[in-house]
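Student: Here it is, the structure, as structure tokens.
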Amino acid sequence: MKSRIHVQHGDITQLTVDVIVNAANASLLGGGGVDGAIHRAAGPTLLEACKKVRQQQGECPAGHAVITLAGNLPAKAVIHTVGPVWRGGDHNESQLLEDAYFNSLQLVLANGYRSVAFPAISTGAYGYPRPAAAEIAVNTVADFLARHALPEQVYFVCYDEETARLYERLLTQQGDE
């Protein structure tokens with residue numbers, strides 16, 4: 001598993017992978033942070049694809065994930081997942097965050113994609129404490145990879161160095177890197 005999980009500091013929209021995961025809001029129509037950056041980089045075709053998903057199924061609840069084309073991104077697809085808003089930890093946030101990662105990985109597997117890049121879901125405007133969120137992310141991905149051949153490569157793409165170091169520390173403790 002060591003060679004399957006990677007940490008990168010930088011811009012997730014520039015990474016050449018099969019799938020980029022978007023930390024979306026329930027509307028799927030773009031927003032701030034990584035969601036806005038992905039929508040801007042992908043161009044209007046991504047927004048149109050998200051509008052179609054909304055018409056078919058309505059809003060995307062926390063913990064769920066949907067897949068669309070990638071527009072102008074250097075990826076084949078975008079998985080939009082909605083993480084939980086942090087409300088103190090007593091409102092099922094940890095399970096919802098785990099579900100966001102797991103359901104995204106299920107879509108990667110179901111579509112036969114080999115590589116995926118995750119942002120630090122829910123740690124921006126949604127206020128999830130970074131150490132707890134990173135631990136859930138690393139554990140959920142490691143557990144999934146232990147059971148499945150795909151994806152072959154998972155990237156945690158961190159906007160800042162501090163978060164990248166946090167993920168690297170967790171992976172080292174787990175013996176994955």
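These residue numbers are counts, starting from 1, taken along the chain as shown.
Glycine is no exception: its Cβ is also placed from the backbone N, Cα and C atoms.
The structure displayed is predicted, hence computed values, not measured ones.
Feature table excerpt (Swiss-Prot):
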ACT_SITE  D35  active site, proton acceptor
BINDING   D11, I12, N25, G33, V34, D35, S122, T123, G124, A125, Y126  substrate binding site
DOMAIN    1-175  domain 'Macro'
Student: Around S122 (substrate binding site), which residues of its chain at least 6 apart sit with Cβ under 8 Å of its Cβ?
Tutor: A23, G83, P84, V85, W86, E93, L97, A100, Y128, A133
Student: Near G124 (substrate binding site), which residues of its chain come within a Cβ-Cβ distance under 8 Å, counting only those 6 or more away in sequence?
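Tutor: Correct list: A23, G32, G33, V34.
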Student: For V34 (substrate binding site), just give me the three-state DSSP call.
Tutor: helix
Student: Could you list the residues of the same chain, at least six apart in sequence, whose Cβ is under 8 A from the Cβ of the residue listed as 'active site, proton acceptor'?
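Tutor: Within the chain, the residue listed as 'active site, proton acceptor' has Cβ neighbours under 8 Å at N22, A23, A24, N25.
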Student: Return one of helix, strand or coil for G124 (substrate binding site), based on DSSP.
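Tutor: Once the DSSP labels are grouped into three classes, G124 (substrate binding site) ends up as coil.
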Student: Can you count the other CB atoms that lie within 10 A of the CB of D11 (substrate binding site)?
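Tutor: Total other Cβ atoms inside 10 Å, all chains included: 12.
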Student: Including all protein chains shown, what's the count of other C-beta atoms within 10 A of the C-beta of N25 (substrate binding site)?
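Tutor: Here the count is 21.
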Student: Within 10 Å of the Cβ of Y126 (substrate binding site), how many other Cβ atoms can be counted across all chains shown?
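Tutor: Looking across every protein chain shown, the total is 20.
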Student: Let's check the environment of V34 (substrate binding site): how many other CB atoms sit within 10 Å of its CB?
Tutor: 25
Student: According to DSSP, does N25 (substrate binding site) sit in a helix, a strand, or coil?
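Tutor: For N25 (substrate binding site) - judged by DSSP and reduced to three states - the answer is coil.
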